Ligand code: LLP
């Protein structure tokens, strides 16, 4: 298994943030999400230091759907970046962390009226309008509340990036945004521009997630700059901002060549500067929205091995005390991960095994045919790169309580999200009259 951030072997035991996983398991139990705080901070710093230009302002918006907790909001605050939300629940959680709501930008292809009202009541930074229908609803709510709001318009630029079908967002048939190939696009934008309760900042796009094909992002830049120019000329208006979304691919297994954040951010900036100049545009601010690439490699999930089993068919299973309830990605996207027997890191990884969860579901496999050291009951298996879309997509199937999240740094661990209790699982559950 590739070691990330502060991961280190200490006398045969894996340590993260200077804390041995055996200590973490004893203190917090398993399954356990472990977040390497220093690596999150390093990733944010890489974005901040490299996505910057002398020609325009830049902004980093952390995509909170990747992993949202009060602690991550604190880090967003500490590094003075912004954060996005796509639901009332995310808005509420961010507010509860104490982060200034001006830092929040609201997405969503089907924002409810209640969510739009929340955006106005919380006075968030901006709303990214998804479609024409939303313009009308938002306008009405703004009028009722007598409030003005900053908005961007999500456009679909039709780039077919190479990633899993479910996480592509910019194909012509995507549910997100209004297509730039739609002949009514200028008319739709005009509705926003003419609305006195809205301040139009510019266009937003997001071409998909876990993308390695850097050409797709470069095509995105070209397309966004050209579209900004085209619409600003058609409507005779100044459009100050461009938001390019997130989606930068990370390493899960040897099959992945991660995007080098520092290098790629510099090349995006260079390309942006050139295109903006070539189109003779005045752009005030360019934004990106990385989620996965900030937290994925910084997070790991620690499990205890229950039993092992070799089937009649010859598959050797390692059974762990979590599974698709804390990591749905293998079942949903055939996502692959690397893992290690974390209390035996010096033992050679010589067994081909399948790491299976405890749900009543044959697809509840976290690793299929992976190479691990011989693991026995009571050993600790650590699965790497679960920091993004692990906890945030966790669920309670088979009434599994969601695991705790612990942050580690400089030899210290801090509980960040408590493990759910059985009582938590039935908190909203009521008997009925029979
Ligand atoms: N901005 C927008 C508008 C997005 O929709 C997303 C992700 C991002 C930014 C952040 O993308 P990232 O940098 O994290 O790739 N559940 C899937 C990923 C879904 C991504 C949805 N949108 C997974 O587990 O792979």
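Keep in mind that glycine also has a Cβ here, set from the backbone N, Cα and C atoms.
Unlike curated entries, TrEMBL annotations are predicted automatically.
Feature annotation from TrEMBL assigns domain 'Orn/DAP/Arg decarboxylase 2 N-terminal' to 39-296.
Residues within less than 8 Å, Cβ to Cβ, of residue 65 (N6-(pyridoxal phosphate)lysine) and separated from it by at least 6 positions along the same chain comprise 84, 86, 90, 291, 389, 392. TrEMBL lists 65 with the feature N6-(pyridoxal phosphate)lysine.
According to TrEMBL, the pyridoxal 5'-phosphate binding site annotation covers 247, 289, 290, 291, 292, 389. Residue 247 (pyridoxal 5'-phosphate binding site) carries neither a helix nor a strand DSSP state and counts as coil. Of all the Cβ atoms in the protein chains shown, 29 others lie within 10 Å of the Cβ of residue 247 (pyridoxal 5'-phosphate binding site).
The annotation substrate binding site is assigned in TrEMBL to 292, 329, 333, 361, 389. Residue 333 (substrate binding site) falls within a helix when secondary structure is assigned with DSSP.
Look at residue 360 (active site, proton donor): DSSP puts it in coil. Annotation for residue 360 (active site, proton donor): same-chain Cβ neighbours under 8 Å, separated by at least 6 residues, are 398. Taken from TrEMBL, the feature active site, proton donor covers 360.
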From the recorded positions listed here (289, 290, 360, 361, 389), select those whose CB sits under 6 A from an atom of ligand 1. 289, 290, 389
Which one is it: of the binding-site residues 333, 389, which Cβ has the fewest other Cβ atoms within 10 Å in this structure? 333
Please find which two of 247, 289, 290, 291, 292, 389 have the most distant C-alpha atoms, given that the record lists them as binding pyridoxal 5'-phosphate, and give only that distance in angstrom, rounded to a whole number. 15
For the binding-site residues listed here, 292, 329, which shows the highest count of neighbouring CB atoms within 10 A? 292
Of the binding-site residues 247, 289, 290, 292, which one has its Cα closest to the Cα of residue 361 (substrate binding site)? 292
